[in-house]
Amino acid sequence: MTRHFLRDDDLTPAEQAEVLDLAARLKADRFAARPLDGPQTVAVVFDKTSTRTRVSFAVGIADLGGVPLIISSNESQLGGKESIADTARVLERMVAAVVWRTFAQSGLEEMAEGTTVPVVNALSDDFHPCQLLADLQTIREHRGELVGLTVAFLGDGASNMAHSYLLAGTTAGMHVRIGAPESSAPRADVVADAERIAAATGGSVLVTTDPAAAAAGADVIVTDTFVSMGQEGEKAERLARYDGFIVDAALMAHAADDAIFLHCLPAYRGVEVAADVIDGPQSVVWDEAENRLHAQKALLAWLLERKDA
Ligand code: CP
Ligand code: NVA
């Protein structure tokens, strides 16, 4: 049966580990998997801007033997002019998979329901699951096993990144802490899903408004922009809301001595993270950015293997 990757918990713990193992193999041997040889084409559609996602999918699809077709939705019929359902039916006649960066999670669900090819969420307002595969690969590289590690995500707890940390982190058996102002608390249903996953994997979930408590003893510290794509109109109000949540040396001092720092990028130095942290010795953000390539190649290869004939 065709599998899609719309949210982090679309992969079971065993499947997530399989994808991460394959990502490590593909990092060591870049052309080891060629599921798109032919070549077959993968559509990569953007409703929002991107550097990393665009480049890593384009390069990754080529590495897998395929051809990337990068589509900006404002230059296509998608986005009000043609329905998602009709687009899904057209794309499946020509491409091996659809990768889509968009706003509403419901659009991704509609695309997946309407097509026989795998659909991959390349970031929505609610989740950024491809980023999390890269983040988990990075954490594994620097800290060994994921099970039992404590990760603290600080800042916008209602963001796609925080939600993805809740689901992907608990799937990996990690203790996931979200430190966010009350007005940016994670969605209750996502917290509930993460708690359910954690009960099975040995992980746990903690949501707090105290950034120092979230960071205390953590193995991994993560933050992201306080103003996500689509929220630009709320910039002034949002920046005021996160007073005290900047990840600086003082906040890092609450974490474990050997803690690593991650940020999905793009980063705003002096806003959500201090320059001496993101550019300092604990930061692994460049490995994290590179791992988008390896993790997404592994994901695509894994999904294509399971696609309906
Ligand atoms: N981290 C990330 O998704 O970056 P882009 O917005 O540049 O794709
Ligand atoms: N939370 C950010 C992530 C950017 C990669 C956003 O949605 O804009």
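Any Cβ shown, glycine's included, is placed from N, Cα and C.
Computed over the domain 'Aspartate/ornithine carbamoyltransferase carbamoyl-P binding' (3-141), the whole-number mean pLDDT of the model equals 97. The domain 'Aspartate/ornithine carbamoyltransferase carbamoyl-P binding' annotation in TrEMBL covers 3-141.
Here TrEMBL flags Ser50, Thr51, Arg52, Thr53, Gln77, Arg101, His128, Pro129, Cys130, Gln131, Cys264, Leu265, Arg292 as carbamoyl phosphate binding site. All chains included, 19 other C-beta atoms sit within 10 angstroms of the C-beta of Ser50 (carbamoyl phosphate binding site). According to its DSSP assignment, Ser50 (carbamoyl phosphate binding site) is coil.
Annotation source TrEMBL lists domain 'Aspartate/ornithine carbamoyltransferase Asp/Orn-binding' at 148-303.
Sequence annotations record features per position, and here TrEMBL assigns L-ornithine binding site to Asn160, Asp224, Ser228, Met229. Reduced to three states, the DSSP call for Ser228 (L-ornithine binding site) is coil. A sphere of 10 angstroms centred on the C-beta of Ser228 (L-ornithine binding site) encloses 19 other C-beta atoms.
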Pull the DSSP breakdown for the domain 'Aspartate/ornithine carbamoyltransferase carbamoyl-P binding' (3-141) and write it out as helix, strand, coil residue counts.
65 helix, 23 strand, 51 coil
Proximal but sequence-remote residues of the same chain as Gln77 (carbamoyl phosphate binding site) (Cβ under 8 Å, at least 6 apart):
Thr87
Among Asn160, Asp224, Ser228, Met229, which the record lists as binding L-ornithine, how far apart in Å are the two most distant Cα atoms?
12
Any idea what the Cα distance is from Asp224 (L-ornithine binding site) over to Cys264 (carbamoyl phosphate binding site), rounded to a whole Å?
7
Sorted by position, what residues of the same chain at least six away from Arg52 (carbamoyl phosphate binding site) have a C-beta under 8 A from it?
Cys264, Leu265, Ala289, Arg292
Tell me which binding-site residues (Ser50, Arg52, Gln77, Ser228, Cys264, Arg292) have a Cβ under 6 A from ligand 1; sequence order is fine.
Ser50, Arg52, Cys264
Filtering Ser50, Arg52, Gln77, Cys130 (binding-site residues) by proximity to ligand 2: which pass a Cβ cutoff of under 6 Å to any of its atoms?
none
